[in-house]
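Asker: If you scroll down you'll find the structure; I have some questions about it.
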Amino acid sequence: MEKPSREAFEGNNKLLIGIVLSVITFWLFAQSLVNVVPILEDSFNTDIGTVNIAVSITALFSGMFVVGAGGLADKYGRIKLTNIGIILNILGSLLIIISNIPLLLIIGRLIQGLSAACIMPATLSIIKSYYIGKDRQRALSYWSIGSWGGSGVCSFFGGAVATLLGWRWIFILSIIISLIALFLIKGTPETKSKSISLNKFDIKGLVLLVIMLLSLNILITKGSELGVTSLLFITLLAIAIGSFSLFIVLEKRATNPLIDFKLFKNKAYTGATASNFLLNGVAGTLIVANTFVQRGLGYSSLQAGSLSITYLVMVLIMIRVGEKLLQTLGCKKPMLIGTGVLIVGECLISLTFLPEIFYVICCIIGYLFFGLGLGIYATPSTDTAIANAPLEKVGVAAGIYKMASALGGAFGVALSGAVYAIVSNMTNIYTGAMIALWLNAAMGILSFVIILLLVPKQNDTQL
């Protein structure tokens, strides 16, 4: 049961705009670095490995802490956690722009990850609390425009700002947007869960989760350098497997677990969350395709970002279409249609062996299908996950759902980048990009199968 300060409060457009602006601090601004990797190498006088760590660490830390933050939002207040997240983004952005020291870049990006971990589940919970029925679906559509739409715009946005104003302006603008979001959310009554007791936070679960995910990230990003037979590689693999096994055992026994596995008894929630993880994993497409056209075809970051304009346009248009399809067809069909269309787009973008002019045409069309598919998928998936969560666990459920988003993006970028680098070194940059993009298409196919098997045609939602 919810217990907001003013039970009669209903969500309005002012609050919704503040929520969307807070969401894009991660999905638009923080994610824009996928298209400015070469520029950051020069600006910080460092190697691509360090820059790739800085690019992926935000989503990684967001994913590691988002579930815990969702639980804290349920216990201590969703408005409070949202405001804390916005302030953390301002701090992280300041650390990134004040110097050319790579360590501060990484620390700033890490703090931005913590910011996103606070904002995402808290804002979804606010929507669950203060918007009802079609108003909630509308609010979720705009939330999806901030998240999926922001990820669609980020490549072009990052390239345009970096080319025209300088890359630091990405984060200057992020600070300005954060201040506006704080102003718009101010005055909204607090909402928190009444039924969850304030038990001790699951520190053991969080530590094990962090150890597991950091070990996996290092294995993916540095595995080829370490060598699969090296002692360090084997040790990290053992740590990852061991910490994962221990995490499962402890979480099932814990009275107040970091991840409540009972949520996954609902097939609709499980299907939405698992497919969400995989479709966020195809974010690796952006870093591979952008790096390929810059390194292989000699394009600038602005030119590379311009290829994805069709992605930008379609994802923004189709999110509201996805909302209407949800209302008329239910959740499963739009999720399947969106995923299928995305796979077609992914295959077109992977045709790196074509002559430049034909590849550019395929990229433009491919990104169009890419954005169209994600736009159709976004709102039905988010609504399925949130509507199937118990009201008293909505913060944790939203946290797990957005953990899937963040970790999918982090590992998608890391894995795609690793495959791209390894295959390029073994063959050439064209084959490396093609194989890495095929990996993303495979994730889309697996997502399609999961939706087909787990998401029911008519799921019973809690609206």
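A Cβ is built for glycine as well, from the same backbone N, Cα and C atoms used for every other residue.
What Swiss-Prot records for 53-73, 86-106, 107-127, 142-162, 165-185, 201-221, 230-250, 273-293, 299-319, 334-354, 357-377, 435-455 (among others) is transmembrane segment, and it gives sequence analysis as the kind of evidence.
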Asker: Of the stretches 142-162, 299-319, 334-354, 435-455, which racks up the most C-beta pairs under 8 Å with the transmembrane segment (107-127)?
Answerer: 142-162
Asker: Could you check if the transmembrane segment (435-455) is in contact with the transmembrane segment (86-106), meaning 3+ Cβ pairs under 8 Å among residue pairs at least 6 apart in sequence?
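Answerer: These two stretches do not touch.
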Asker: Report, as numbers and ranges, every residue of the chain located at least six residues beyond the transmembrane segment (357-377) whose Cβ falls under 8 Å of a Cβ in that stretch; write 'none' if there are none.
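Answerer: Contacts of the transmembrane segment (357-377) (Cβ under 8 Å, skipping residues fewer than 6 from its ends): 148-149, 151-152, 275, 279, 282, 285, 289, 293, 307-319, 321-322, 325, 334-335, 337-349, 351.
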Asker: At a C-beta cut-off of under 8 Å, are there same-chain residues at least 6 beyond the transmembrane segment (334-354) that contact it? List them, or none.
Answerer: 272, 275, 279, 282, 285, 289, 292, 296, 322, 325-326, 362-363, 365-381, 384, 430-431, 433-434, 437-438, 440-441, 444-445, 447-448, 451-452, 455
